[in-house]
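Let me begin by presenting the structure, written as structure tokens, before commenting on it.
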């Protein structure tokens, strides 16, 4: 028997079918060992020795692998074809050696870029040994992330209350977001004017031309700076004679985009499909691992963690065949296209992301995929085919126009283009900017020296706008451009920033939270080198050299640790006053925005002669007066709006006037109180107030939103049975509907203003029905999945206090982190419920009391807790590796399915186990191992 080891059960199931009898394919369920989350797991003084630990869940999987390997005559490690996959194979091999599971049988490594029958069988013919250089790169990254996280995070905890963690890549990504916010806050709008002329040809065809010069001076977009200048040009045009000076047409070729890499897939999926980076990777993982088509499980796309843009020759051949068949010879270039990655530090070790078989068109596999899978597959299929199609050919026309009045001349220009041959645009196109849209307009037939009629002159005032906030897609693009992070870490890094509450999302835009800005200000003040873009990119380049076996991995660690440890030591003597001084200086524009009246933004509005300053308290930061305790003025440090005016208002008194209530005529204001921001109506003894929902940021509150909040609670209607009113409102625990003392949660603050009587009645009924059950009370059903296939009764997706979950009868199973509750299928739900049921202890029937045993309970010694080897890898903010962070939902569902299968096979196993007497002195504990590999490779 030959044993094949892969990461996921879905992958194992598919590959087992391809290999047939004589093979046993087992899943490791991702990484099997990790550095314990405690001090000393990486020891620089011991030549960077690293301790490894196997958790209880992995121990169970490894025990199954050990049993199978002992009975095998060959072991094949077939994990993913990247650094993380190589690391998993290495960890499994180390564990097998420690458990003496290997005898004389060979251990080989195979890799395949796609999970198809042909790819797998071909890979099995080309086994190799584990790539030690890739393992070393993994170890170096893991050690660096640990050393940064476990040395820098405690500094933050001591010097900056409320801070959660810092990380090698995470902190730099956060700095990018904070730097952009600083640009927005300090942006000074510049006034400019545009002059557009609506003209007509002698044949009556109209078109628009913009002013590009006046009185011999060229005018750019911002050069007409005042209304007076604009008026002067308009008056000239209204009295001038206008004619065509020249017409120039030339062909322009637009080339297709290269096929997808990890980052460009995440960006396009965000733009086109509205998917987050994490969700994109979850859906892509499913397409890669395979779906059931025609009785066989096949992977639909190649490996999705790559920065390469090249495609294998056989892949290009199939693309060209698809183009010829689907579009004809005119759309097929004479030679295949070859692309080179533009991203900094791109390794291009793997193919671009592409369909495994171009013959499987989106419409052919649609019935086998859910909505998100189909949309993403279609996006990948079209981009791949388009990348090898002929270029589009456009005729771009530029018309220069002269407007003469006496000795003065005004120059105008009109541009347009006509598609002569659509080429790749027939299949795939992406959004274009305003300038491209202007050029794409079609112009009428125009000849040189023709006189033109003046129809309308339009003059408009504009102001320049600050750069936009990053979306997840544009942040990934920026990180890739700077050479920060790698394909396997982009999604995990973004998720960590949100989980740590360092950033918030508003209309898909990333806004740095005050906590995040404080962390970055602290790091820029005392660890500036380690959040610099170039330093982080150079370190990534050094790690890439380790992957290429050009640099010993411990040399990289020594060079880093020598300087970093000194920086850590220097902060031990750091005083709180030093920290506050640095933060006040760096965050001045954010915390103390300029007043409209030109007054001192740091003057205390309460006592008048005190100075406002950042203060650090037990629960985080706030703004306080320098005259404390005589003056007790405080306010929260609240993020400022996009125009640089904070919640504290233009005069720094804690109030920002939003407008006037049209019904009462009272002033509506946004304020900041002890428990956070709120809106208030009027100034009476007990004015009406309403706190902002947690998901609403002060920067987004306008008069309309404030009035909606102040209108709460809202009467939804009258309950049809009791005749009593149902109201909707916002409370301490979030949005709710209320009827006769019964509260039911709503999934979002927006629904408070939208929920109707039918849904409100249903929510109340579900809540009342849930009171008779035990455990978590019933919450609003987000999705009805139908009856349970074996047990009967409804299965639903609900949203509870601790997040979304699936429910059947009295069993609740929390959804994996990052999974969209609306995408849960009945199969996933049943699997999660089965896994939850398997974990719940079964209570045995109460039996008659037994006489106490007089035997002494034997103590079971604990297994050693650590494993040592000089190397390792992890996300800098989590004890789990980046891949684990991205694919947690996938693996949880896989485990749930396995649990469901086991439950079906042995429905009474739990009961039997409960009835069986426990062995004296036995106690379940996580499996732990110790390994040490010294030296370099």
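A Cβ is built for glycine as well, from the same backbone N, Cα and C atoms used for every other residue.
Over in TrEMBL, the protein carries these features:
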type: ACT_SITE; residues: 303; note: active site, O-(5'-phospho-DNA)-tyrosine intermediate
type: COMPBIAS; residues: 844-870; note: compositional bias 'Low complexity'
type: COMPBIAS; residues: 890-937; note: compositional bias 'Low complexity'
type: DOMAIN; residues: 1-116; note: domain 'Toprim'
type: DOMAIN; residues: 131-568; note: domain 'Topo IA-type catalytic'
type: REGION; residues: 165-170; note: region 'Interaction with DNA'
type: REGION; residues: 837-937; note: region 'Disordered'
type: SITE; residues: 31; note: site 'Interaction with DNA'
type: SITE; residues: 141; note: site 'Interaction with DNA'
type: SITE; residues: 142; note: site 'Interaction with DNA'
type: SITE; residues: 145; note: site 'Interaction with DNA'
type: SITE; residues: 157; note: site 'Interaction with DNA'
type: SITE; residues: 305; note: site 'Interaction with DNA'
type: SITE; residues: 500; note: site 'Interaction with DNA'
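If you draw a 10 Å sphere around the CB of residue 145 (site 'Interaction with DNA'), it holds 26 other CB atoms from the protein chains shown.
In space, 500 is the closest of the recorded sites 141, 305, 500 to residue 157 (site 'Interaction with DNA'), judged by Cα positions. The DSSP secondary structure for residue 31 (site 'Interaction with DNA') is coil. Counting other C-beta atoms within 10 Å of each candidate's C-beta, the recorded sites 141, 305, 500 are led by 141.
In three-state terms derived from DSSP, residue 145 (site 'Interaction with DNA') belongs to a helical segment. When pLDDT is averaged over the domain 'Topo IA-type catalytic' (131-568), the result is 89. Note on proximity: of the recorded positions 31, 142, 145, 303, 305, the one nearest residue 500 (site 'Interaction with DNA') is 145, by Cα distance. Ranked by how many other Cβ atoms sit within 10 Å of their Cβ, the recorded positions 157, 303 place 157 at the bottom. Each residue contributes its Cα atom, and for residue 145 (site 'Interaction with DNA') and residue 31 (site 'Interaction with DNA') those atoms are 16 Å apart. Distance between Cα atoms for residue 305 (site 'Interaction with DNA') and residue 31 (site 'Interaction with DNA'): 16 Å, as a whole number. Among the recorded sites listed (31, 141, 142), 31 has its Cα nearest to the Cα of residue 303 (active site, O-(5'-phospho-DNA)-tyrosine intermediate). Secondary structure of the region 'Interaction with DNA' (165-170), assigned with DSSP and counted as helix (H, G, I), strand (E, B) and coil, comes to 1 helix, 0 strand, 5 coil.
A separation of roughly 15 Å, to the nearest angstrom, links the Cα atoms of residue 141 (site 'Interaction with DNA') and residue 31 (site 'Interaction with DNA'). Residue 157 (site 'Interaction with DNA') falls within a helical segment according to DSSP. The two recorded residues, residue 31 (site 'Interaction with DNA') and residue 142 (site 'Interaction with DNA'), show a Cα separation of 13 Å.
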